[in-house]
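Student: Per TrEMBL, the features are:
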- A:305-339: repeat 'PPR' (REPEAT)
- A:340-370: repeat 'PPR' (REPEAT)
- A:381-411: repeat 'PPR' (REPEAT)
- A:417-451: repeat 'PPR' (REPEAT)
- A:452-486: repeat 'PPR' (REPEAT)
- A:487-521: repeat 'PPR' (REPEAT)
- A:522-556: repeat 'PPR' (REPEAT)
- A:557-591: repeat 'PPR' (REPEAT)
- A:592-626: repeat 'PPR' (REPEAT)
- A:627-661: repeat 'PPR' (REPEAT)
- A:663-697: repeat 'PPR' (REPEAT)
- A:698-732: repeat 'PPR' (REPEAT)
Amino acid sequence: MNTMIRFRAISASSQSKFLFLLLRPKNPMANSSSLGLCTTATSQSPSPYGYGDDSLITEALQLLQSSQDEWSKTDHLRCLISLDSSSPRLAIHITRRLSSSSLAIRLFDYLHEGSPSLDTALLSSIFQAVLELASREPDAQTKLPELVKISKERNLPLTINSATLLIRYFRRFNMVDESLAVFNELDPFLRNTHVRNLLIDLLLQSGRLHDALHVLDEMLQPEGEWKPNEITVEIVFSSLLRRERSWGSMGEEEIVELALKFGEYGVSPNSVWITKLITGLSRNGKTARAWDILNELMNMGAAVEVASCNALLIALERHSEFKKMNALMEKMKEMDIQPNVVTFGILINHSCKYRRVDEALEVFERMNGGKESDAIAVQPDVIIYNTLIDGLCKVGRQEEGLGLVERMRSQTGCAPNTVTYNCLIGGFAKAGEIDKAHELFDKMNKEGVPPNVITLNTLVDGMCRHGRVTAAVNFVNEMQSFGLKGNANTYTVLINAFCNVNNTAKALELFDQMLAKGCPPDAIVYYTLISGLSRAGRLDDASSIASRAKEAGYGLDVVCYNTLIGGFCRQNKIDKAYELIKEMEELGVKPDSVTYNTLISFFSKNGSFKTAHIILKKMTKSGLVPTVVTYGAIIHSYCLNGKVDEAMKIFKEMCSASKVPTNTVIYNILIDSLCKNNDIEQALFLMDEMRCKGVRPNVTTYNAVFKGLKENNLLEKAFVLMDRMIEQACCPDYITMEILTEWLSLVGETDKLRDFLQGYQIQTSTA
DNA sequence: TTAGGGTTAG
C-alpha cells in the first residue's frame, strides 16, 4: 500500500517537472506545435506510468508506426518524449512498446541526435530498454552482441540492469566470452554481487575455473565493495563439489580455504556442502584437515548440522581416531547439535566392531532415554537393531540377538528385515547350530521377509564350516529352483570347502558349473581355486587357472604368486618358481617377505645355506626385514641337519641383536629338536623362557616335550606339565594321547591319565 | 546394518 502511494507521488512530481520543462522558453521544443498536445496530457486520468502518460505514449507510438522519414523529419516526436526531462521514464516505456529493436535503436538515435548534450545515464537507461526489447526477439542471439557493439561505438556505458540482462541471456547460449566482455565493460562500481554471481555461475558451468576464481577473488578482498552472499557460496560449492569423487582441477585445500574465507564474511556453505567437503577430505585420507575445518566453521558460527558431524565421526572411526570421536561428541554438545539416529548408529557400530557389545548396548539404552539426566531420546531404527544383533551374534551371543528381535517387534514401525535374519542366521550357523539357522530361514520365509543371496551364502558357509559340504551343495541347488540363485561368493564358499577336504576334482567341477550357469567368477574365486590346487600339489591345474584368471583380467597379486611359488618349491621344482619370480618382476609385482622366506626355506631345507644366505641378503637389500619366519626357516634347517647348537646360536642372535619377537612355532622347532637330541634340560629351559615371555605353548610344544620326557622317564615333570596343559585349556590331540597312554600304562599310572582327561571334561562343562 | 578366498618356518 505504502509503495503504491509513493509511486504515485513520484509520478505526479515528475509529471509536473515534465510540464514545467515543456513550458520553459529556453527549451527549443517549447515553442513548437507540440505545446497544445503536451498540455492536454495534464487532463488525462492516472495511468500506471503517471498521470496522462498513456495518451502521450499512444500518440508517440502512432507516430512511430509511420515511416521513419516522416517522424524523423519533425521535432514533434522529440517534443512529445522530451528527453530533457531528468526522468527517462516516458522514453523507456515507449521504447519497450515498440514493435522491434531496430525501430527502437532508430528512435534512440533520433532522440540522441536531437539532444546531443543529454546525460549519458539517461541514454543508458533508454538503451537498456532497447536491449530488453531485443532480448525478446527470436534473433536475440545475434542482435544482443550487435547492440553491445553499438553501445561501445557510441561510448554508452551499460547500466547494471543491461549487464545482468545480457549475461543472463548469454548464459542460456553458453556465450562465455561475450559475458565476460560485458562484465569487463561495466563500470567497476556497478559490478555488484548479483552480476558477479551470475558471471561466476556461468564461468564455472563452462569449466572456466580460473576466470571464475578471479571474479570471486575480488569479492573476497577486504577493501572490495561487493561481498559474497549466500547465493555466491551456493553457486561456487555446488559447482566445485558436484562431482562425487573428483573435485575437478581445484585442489581440495583450495576449496577448504575458500570455505573458510567465505566464513569470514559471515556466509558459509550450507550443511550439504559442508558434509560433502568433510566426506571428500576424509576419503582422501585428510581426516585431520576435515576435523580442523569443521571446528573452524563451528567456531565461526556457520550452520553446521548433525549430518556433517556424522560424516566426520565416520571418518574418525575409520582412521581409529577414537579420542577425537569423543571430542567431537563433546563439541556437538557444546554447540547444541543434537545427535540423531545416524550418530548413534556410528557409535554402536564402532563398539560392535571392536567386540565391545556391552558398550554398544549401553549406547542403545542411552538413546532410548536411559537413566542419565542428559540422555537424548532418539527412536532406534531397524539399522540400529541390526547392528546390535550382528554385534551380539559375532561374539557368540546369538540368543541375546533373538531377544532383541522381540524388543524390535514391540516397537511400532520396526520389524525385522532380511538383514536382521541374515545376522541371526550367521550367528547360529557359525556356532554350529545349523538346524537353528535353517529354522530361522524357514521362519523368515513364513513371515514374508525375503531371503537374499547373502542369506543363502551365510547359511551355506555355516554348513560348509561344520562338515555339511554335500548338504550345502544340495541346498544351493534347491534354492536355485526356487529362484534364489547363488553368485561368485556362493561358489567361493563351496570351492574352498571342497579344497579343504582335498576334493579338488569337485572344486574344479563347481568352477565349471558356475561358468556354465553364466555366473561370472571374480578374483577371489580364482585365487581360492589356485590356492586349493597348489595345496593339493596340482600345480599344473593351479597354473592353468592362474592363466585363465589373467585372461579374465584378474592379474595375480603377490599372495597368489607366493601360493604358486610355495607349491612348486614343495615339489622341488625351483625352475618353475624362478619362472614365476621373473614374471613378477616383468609385471611389477614386488616380492614380499613371504616370497623371500619361501625361497630361503627351500634352499635351507636342501642344505644350500649359502644360496639361502644370498637370498637373505637380497631381501634386506630390497628394504625387507627378516621376520620370525625367516629365522624359523633357517633355524629349522640347521636343526634338521643336526646342528642344534648352531640353530640355538641363531635363535639367540634373533632375540638379542635383531630383536625379532619370538612365537610358539619357533620355540616348537627348537624344543622338538632339543628333545630329539636328548637335551631335555635345554628344552625345559626354553619352555620356562616361553612362560616368562608370555609365549603360549600349544599342543605341538607339549607333544614334543612329552616325547622327550618319556625317553628320559621324567614322570614327575610330565605330571606338572599335564596339569599346566589343563590350566591353559590346551587340548591334547591323538599324538598326546598316544604318547601318554603308552607311557603311563607302562608305568602303571593310568589313574593320572584318567584325571588328566577328566580335567578337560570339567573344563568343557564349566566353559 | 548382513555373506566369500589365498602365501612362508613346527
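Note that Cβ sites are derived from N, Cα and C of the backbone, with glycine treated the same way.
Nobody curates TrEMBL annotations by hand; they come from automatic prediction.
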Student: Where does the mean pLDDT land for the repeat 'PPR' (A:305-339)?
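Tutor: Mean pLDDT for the repeat 'PPR' (A:305-339): 94.
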Student: Who are the chain neighbours of the repeat 'PPR' (A:452-486) in space, where the CB to CB distance is under 8 Å and they lie at least 6 residues beyond its ends?
Tutor: 418, 421-422, 425-426, 428-430, 432, 434, 437-438, 441, 444, 493-494, 496-498, 501, 510, 519
Student: Within the repeat 'PPR' (A:627-661), how many residues are helix, strand or coil going by DSSP?
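Tutor: Taking each residue of the repeat 'PPR' (A:627-661) in turn, the totals are 26 helix, 0 strand, 9 coil.
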